[in-house]
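Presented below is the structure to which this report refers.
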Amino acid sequence: MPDSAASIPGFCRDCLKEQTSGARRCLACGSPRLLRHPELRSLSLAHIDCDAFYASVEKRDNPELADKPVIIGGGKRGVVSTACYIARINGVRSAMPMFKALEACPQAVVIKPDMEKYSRVTREVRAMMLELTPLVQPLSIDEAFLDLSGTERLHHDAPARTLARFARRIEQEVGITVSVGLSYCKFLAKVASDLQKPRGFSVIGQAEAVDFLKERPVTLIWGVGKGFATTLERDGIRTIGQLQTMEEADLMRRYGTMGQRLYRLSRGLDERTVETNGEAKSVSSETTFNADISRPEELIAHLRRLSEQVALRLRKSALAGQTVVLKLKTADFKSRTRNRRLDSPTRLADRIFRTGLRLLEKEVDGTKYRLIGIGVSDLSDPARADPPDLVDPLATRRAAAEDAINKLRDKFGKTSVETGYTFGHRRRDR
Ligand code: DCP
Ligand code: MG
């Protein structure tokens, strides 16, 4: 530790004692969990994310699991929802097929998700967040942004210390752990919360932002998924540092509005504020095509992918929806929205997809579309979703989807739906 460490503001995350020396351990309690940062007294935008959320809740409720690898998943979908950090050491990851996870970690204890219980914990954690600030923006079942600016007087403490106290309280009173990211903007607060998981607390200050980002991959930037990263890579761009050397006009010419985002976020410029905009009314996903599409099999492939995305977001936000909404925009910018209400709420990609397919069937008449979207509204708690007697076993589900595709095939000829049918093959691979 350099001598100057003594002059950098810092405190102990265990006993909260201010640290006035550059020592490696807390002078009061001996803990090594010290937090020091030049901007520690001024930063106030936080992102908090629970560690291995479902698994931590299960471990809390069964102390025998404490030292064992635990995987949450299975049930209707044969994939891993999450795994505890012990199972992750063995290579288990979220969204991995369960059989692969068990190959990697055969000794793991597998537990089916109990969404009702996790939602309860979410509500508890959220209520405690609201004691810190009214500016809480939940992003999913286990994470939220918090704006703590102006809360010093209320808490008689700087935001950083209030957050450390909060993390300690969650451990003591809820029995799970969280990781905190503290910065001056949403982008870097979210990045920071992921740096030191589990039980992390990372700070990214204004002064270091550009340097911090320089060596990182472009995928760190919000909205840069695998597809867009491939586009960037084709253009020779891999690191955020490369974006930092490019002109805004150039990036916008190449990538449209996304170019502007790349320009700004690569430089740590992010003015988005923490919005408390109430509860979501619908969950949806849409895509605009590069070239207009009329072929059913292409539309179906997009519908399939988007349905998976909607289902993932529903799972992550602990929601289910009862009305499926299909959205189309024609080449001449006319919108078509079609709804169907289900017998029970759903959070399954297959049910969303099949319902969307039935709605889509009536719209494929040679019209060229520039956009397709699928979503669900009438949101509710997932506890009542997809009652087993109403949800077909996998084989019947596949058959139903194939039925619908066959209908289209009858209507438009065999080859027109050949690719749509690959959907059936993909499912079998899982
Ligand atoms: N989840 C899921 N399917 C996924 C990803 C997540 O069902 N593909 C669920 C289970 C997670 C919860 O959402 O516990 C929160 O997601 P996170 O991405 O925050 O993952 P964890 O909290 O499990 O782990 P981490 O410590 O990395 O945050
Ligand atoms: Mg988490």
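Here, residue 1 is simply the first one shown, and the rest follow in order.
Heads up, the Cβ atoms here are built off N, Cα and C, so glycines get one too.
Noted in TrEMBL for the protein shown:
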DOMAIN    45-225  domain 'UmuC'
BINDING   D49, D142  Mg(2+) binding site
SITE      Y54  site 'Substrate discrimination'
ACT_SITE  E143  active site
CB contacts for E143 (active site) [other CB atoms within 10 A, all chains]: 21
Annotated recorded positions D49, Y54, D142, filtered by Cβ under 6 Å to ligand 2: D49, D142
Binding-site residues (D49, D142), the one with most neighbouring Cβ atoms at 10 Å: D142
C-alpha spacing of D142 (Mg(2+) binding site) relative to Y54 (site 'Substrate discrimination'), in angstrom: 9
CB contacts for Y54 (site 'Substrate discrimination') [other CB atoms within 10 A, all chains]: 27
Integer mean pLDDT for the domain 'UmuC' (45-225): 95
DSSP-derived structure type at D142 (Mg(2+) binding site), helix or strand or else coil: coil
Inter-residue C-alpha distance, E143 (active site) and D49 (Mg(2+) binding site) (nearest angstrom): 4
